[in-house]
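Notes to accompany the following structure.
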């Protein structure tokens, strides 16, 4: 079992802890498929809602909050029935806008894994306004069920009434809808090809500044992030923060980064290069490779 889970496993009901210990091996990054969830519920004689709330300490153990020291865990349940854990991330000594909220982390985990819908969000503290707006960008966002400890389950519309969202700006394919934007680039570099793939799946309907980041560690592992814009602009999630959040879930140290690539559309109304460099240089002494590509 990974060291980061040792403390939280002791907080769980013993039957659940016994079932989880074999799962929390070195490969565990916060994802459980629908069958694993069903098996855990059966083995522990818990309802699925009870189980997911009980798993929140595991999700919170994925957090890196050096500023607030407040560990928040979230779980996104996808339309597939799989669950995706996420946790808050803060960059030590840096401006707070670099932070990733737990709900953003969980949702980006699901998006990067190919989910096209989120049905439930389980979180150990009431979602802040930033996260409510971020969730409202999703497919059928207002219908997402929000689960909190010791509170009745409510749809997002309960927490964000009279919401402003993508439909108000005539966006017909909100976040998690299949995106496929075509760009031209000739490269045999596997890392750049991977970045191009994620660029084509990014979500930027307001600025058309489609973008993706790929980070490579010294052992050759790669971690990706895509731009996820928001109708309210400020809750948009930058690709560098998404990639760093993925690294944190994988229990990797940012000092392991030895290469970083940002790829973005040449036709966007904005550029993410400045914000991306700021975040990268806060965690690693690596120069950013910046590539602009033309849409087809």
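The count begins at 1 with the first shown residue.
Placement of Cβ uses the backbone N, Cα and C atoms for every residue, glycine included.
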Just to be sure I read the record right: 128, 131 are listed as binding Zn(2+) in Swiss-Prot. Which of 98, 101, 181 is listed for the same site?
101
Residue among binding-site residues 88, 89, 90 with Cα closest to the Cα of residue 101 (Zn(2+) binding site):
88
I'd like to know which of these binding-site residues, 89, 128, 131, is least surrounded, judged by other CB atoms within 10 A.
128
Quick one: of 90, 103, which of the recorded positions has the smallest count of other CB atoms within 10 A?
90
Distance between residue 88 (substrate binding site) and residue 103 (active site, proton donor) at the Cα atoms, whole Å?
8
